[in-house]
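Peer 1: One structure, as structure tokens, below. Some questions next.
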């Protein structure tokens, strides 16, 4: 008994004084102060994980973390899931591994032929984030990649909050660097592509982030110090890479990575890196050029001041300083810089042109006159200087000399509409009306081709003042109005031109488009819609006759014939002969084959169309319809499974519309239960889409979910009033036995759309269901005044129980 009690006391005091130490769980969302160097040979100390996704793969080995990109135009990253950092020093050694091509693929284009990188991030193609890698369309970053930048880029994402908010620091295989803040998938360039001078296949990329300051270094060389306060929260760190349009496969190796987040060490590193004595003059020059190209002239001017304190300016530096001063409207400073450049090289045309522009902007006409007189021979051979001669003569009220100078400038550069505009204005002042009109027309054609609609507006106003009834003036005005969305004014101009028998194919084509648009406004007036349809066809046919070698006109003519259920073989064949690689033409061929139940021909055309237009949902819709008619609709479902990353490119780009498309296909096939979840997915993407709400309601009616359908229709009605929604609400009310509500709904619809015969027919059917033949007869008497058709006569027989009257002659 004593021993047992002693044992109990011993266990009690042991548990009380010798408590077991429990290791608390690690919070990987914690903001930590540490120095950490990655050991990629160890799972615990590497932190990054191996993974695979859509078009990319990460693999960890003894030499580092390798990110493989398996297709062109891909931007992917792999997030380090351990801890968050705000102020830190990141150092990464990145190796660019050679690009490869799969068998049978064409070799890479030279840099001069590289396509531009798209300009915006594609948020729809990114799967979920941490710790997995993320793949997107390589849009990096807001502007075209310079030809010398290379074929790909790799780097770090830091302060990574989620897949749409982070900073991105990338260096290309050509040795160019850039920094962006990405917020809500929108890239905000902080430093555009800047040449670092690095040329090896291995880059040591360093970043020092302290508050709103970011110091960037490549291979221990200072590149820039950037200030930005867009993202001030701590975030993860990611290894990222982009593959552009040259190599099909690219791989990038993060062979070494270290991170320092201890405040004292970070501050020390920042001060050391930004010591003026450690920064070479060439770095200030390259940074100033990049900042000026980005439109940040004030920052560029600050860098030029630092550069001037370190070295003597040459021609390149003076020209850049002058350009930066002009951008800030510091024309005195610009004049000084360009004069210095001319001292360096008296024959430098760029300096001469820039100096002339700076003098003109200052209204320094005496200096400008001296400059042009000194370089008279050169001025007479250069379009810009001739234009300045015109400005000088105009300032001195020498209008004849000004007109001659502007005309000479336009002869030297016939693609510059402003020179023609200046000449026209002077000729008009001199009373040379016809010459002025011709000069204005030259300017108008150039502005229209360049889509310079503000300048074109000025020209059109002048032309309409000089000769408003001239055919060319009406044509230019109509095209301007059409391009700027003023379709009613454009219709007025084109209607007058076409009635006068215009010989301009573009006028007839645009007139046809406007008539097609007007056809849609006659939804409840069938005769007017048919008349517009016929006139549009005639307009497209006339455009084809005037421009027989334009595939677009033949395509539109064929399309109008197809929509009218007429033979379109001849114009379609002609369009294909002129433009065999036009995906829309192959899509129309597929639609025609589908109508004719020629499934093999439709499949062949759609295969070609989908290859040419991979992101167009309309083409995918026709493919789905083909499979539906073949009885293979279920085979199309994998194309819409975005969660498994096997979705079609068109689905990824437009999820809501794509899900809606598949739901409609199931509905058309009578598979209402299969359609319902796809309608739900579509509405989750676009909850305010009226068409989706209505189609979902129609599907619910088929499933006898009448209360659900009623709620959907009421929501659609709150967004947009349409006769079809009123009709469906009445149908649901009638099926629920609420005939008074159905009657009131249809009566209100008849009041709102008195020309819509469909609503009145539904009201007559409702009265027949309610056995109220008197009200049905009253509505039929109104209907027969608006429509004379077989269905109206059939209603007469139902109402009056007699043989319907014979059709009128």
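Yeah, the Cβs are placed from backbone N, Cα and C, and that goes for glycine too.
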Peer 1: Could you check which of 57-79, 80-102, 103-125 is flagged in Swiss-Prot as region 'Disordered'?
Peer 2: 103-125
Peer 1: Per-residue pLDDT averaged over the repeat 'TPR 4' (471-504) comes to what?
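Peer 2: Mean per-residue confidence for the repeat 'TPR 4' (471-504): 94 out of 100.
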Peer 1: With Cβ-Cβ distances below 8 Å as the criterion, list the same-chain residues six or more beyond the ends of the repeat 'TPR 6' (552-582) that contact it, or say none.
Peer 2: 505, 509, 512-513, 516, 533, 536-537, 540-541, 543-544, 588-589, 591-592, 595, 612
Peer 1: By DSSP assignment, list the helix, strand and coil residue numbers for the repeat 'TPR 2' (383-416), in that order.
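Peer 2: Taking each residue of the repeat 'TPR 2' (383-416) in turn, the totals are 27 helix, 0 strand, 7 coil.
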Peer 1: What is the number of residues in the repeat 'TPR 1' (315-348) that are helix, strand and coil, as DSSP sees it?
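Peer 2: The composition, in the requested order, is 27 helix, 0 strand, 7 coil.
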Peer 1: What parts of the chain pack near the repeat 'TPR 4' (471-504), using Cβ distances under 8 Å and only residues at least 6 beyond its ends?
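Peer 2: Answer is 437, 441, 444-445, 448, 451, 453, 456-457, 459-460, 463-464, 510-511, 514, 517-518, 539, 542, 546.
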Peer 1: Residue list, the repeat 'TPR 7' (583-616) vs rest of chain: Cβ under 8 Å, 6 or more residues beyond ends.
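Peer 2: Apart from its flanks, the repeat 'TPR 7' (583-616) reaches 551, 555, 558-559, 562, 568, 572, 575-576, 622-623, 625-626, 629-630, 648-650, 653.
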